[in-house]
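Novice: My questions will all concern the structure given below.
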Amino acid sequence: MAENSVKKVVLAYSGGLDTSVILRWLQTERGAEVVTFTADLGQGEELEPARRKAEMFGVKEIFVEDLRETFVKDFVFPMFRANALYEGQYLLGTSIARPLIAQRQIEIAEAVGADAVAHGATGKGNDQVRFELAYYALKPDVKVVAPWREWSLTSRTKLLEFAEAHQIPIAKDKRGEAPFSVDANLLHSSSEGKILEDPAQAPDEIVYQRTISPEAAPDVVTEISIDFAQGDAVALNGVALSPATLLTRLNELGRDNGIGRLDLVENRFVGMKSRGVYETPGGTILLAAHRAIESITLDREAAHLKDSLMPRYAELIYNGFWFSPERRMLQALIDASQNSVTGRVRLKLYKGNVIVAGRESPNSLYSARMVTFEDDEGAYNQQDAAGFIKLNALRLRLGGAIGRRGGAL
């Protein structure tokens, strides 16, 4: 991209030091008109200071939006219908937030006549990929500015010097290197970098901001129930709640019971491994509950097929392919599987553990009469099992006979 080819750019703006430097850099080095977009995804920060700071920089068009309900309803819940876990552990809290931010940037760009969008992701991480794949999927001709890949501010010292030269306020705690970086939204909080870069060293308790330690959690069990309708959680303890309100309440319950901590070394899409410390209190509870209600409402082969597709689905989200045709195809299959996933799950929360205490559904496929160890009154003829076993053993018997004669597998 030519240095001054951008005329008007929509910046994903947090109001923090890094994106404030980016804002000023776009104005001074690129000569671009900047439109700021700040999204409330439940990160727990006051966002009006971002508006005031943008005004201080002379920004005329400022968007500060509460997207918590949209985030949970249209992004988090569809993902949880799949029980998505990246590399078997990560609940994708950062990954699932990027498509919504990118989508709103593009919508705003089209509304205000901007020819470009910009983000504050570095050139080493996954977020640059997630943002830009979404941008190009939604607006193929959009121009993208990624300052961390372009500018000469390659050190913290240079960043601070630029900030001071352009009268960008610097909080006292930003003048030194932060001990680790934090990204947060309503689903999770992630901490990476600096003191966490050695995977052999346990994270200090100061890293955890959304959960108390399991050791410090109450010595009494917290009992709750979650109601599901077609795969989505709709009520907590019998009280109907909006998606964001329900997840917020689950976060509080998880926090108080030391639930949802994860120390993970993951494989980034860009090729390197990274260590992250994640807190997903409400999501951890929700995942356990969703799997429990599926256990009685999904057909065996449907459940197994869904489980076999989950790693691919999770990988697509992690790598930034939310708006890809293959993710949409998988989502259609997953959503179809949830038509019968309705009912109630009872849980016990205790010192970092989520324990399923019961599950019930009007669509339950579980037959106590069929599986009983007592007299089933003819519900199941055990003699039928002999033919079932013989048919399934046929290929094994044939292979075994060849094997005894020295044949290959």
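The backbone N, Cα and C atoms fix where each Cβ goes, glycine too.
Here's the feature list from Swiss-Prot:
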- ALA12, TYR13, SER14, GLY15, GLY16, LEU17, ASP18, THR19, SER20, ALA39, GLY120: ATP binding site (BINDING)
- TYR90, SER95, ASN126, ARG130, SER181, SER190, GLU266, TYR278: L-citrulline binding site (BINDING)
- THR122, ASN126, ASP127: L-aspartate binding site (BINDING)
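Quick one: how deep are these features, and who are their neighbours?
Specialist: Its own atom aside, the Cβ of GLY120 (ATP binding site) has 21 Cβ atoms within 10 angstroms in the protein chains shown.
The Cβ of GLU266 (L-citrulline binding site) lies under 8 Å from the Cβ of TYR86, GLU87, TYR90, LYS273, SER274, ARG275, GLY276, each of which sits 6+ residues away along the same chain.
Secondary structure from DSSP puts ASP127 (L-aspartate binding site) in a helix. Taking all protein chains in view, 20 other C-beta atoms sit within 10 angstroms of the C-beta of ASP127 (L-aspartate binding site).
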Novice: About how far apart, in whole Å, are the alpha carbons (Cα) of SER190 (L-citrulline binding site) and THR122 (L-aspartate binding site)?
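Specialist: That comes out at 16 Å between the alpha carbons.
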Novice: Translate the DSSP assignment of SER14 (ATP binding site) into the three-state scheme.
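Specialist: Assignment for SER14 (ATP binding site) reads coil.
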Novice: Using Cβ-Cβ distances, find the residues under 8 Å from ALA12 (ATP binding site) that belong to the same chain and are at least 6 apart in sequence, listing them in sequence order.
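Specialist: In sequence order, THR19, PHE37, ALA39, ILE101, ALA102, GLN105, VAL117, ALA118, HIS119, GLY120, PHE131 meet the Cβ cut-off.
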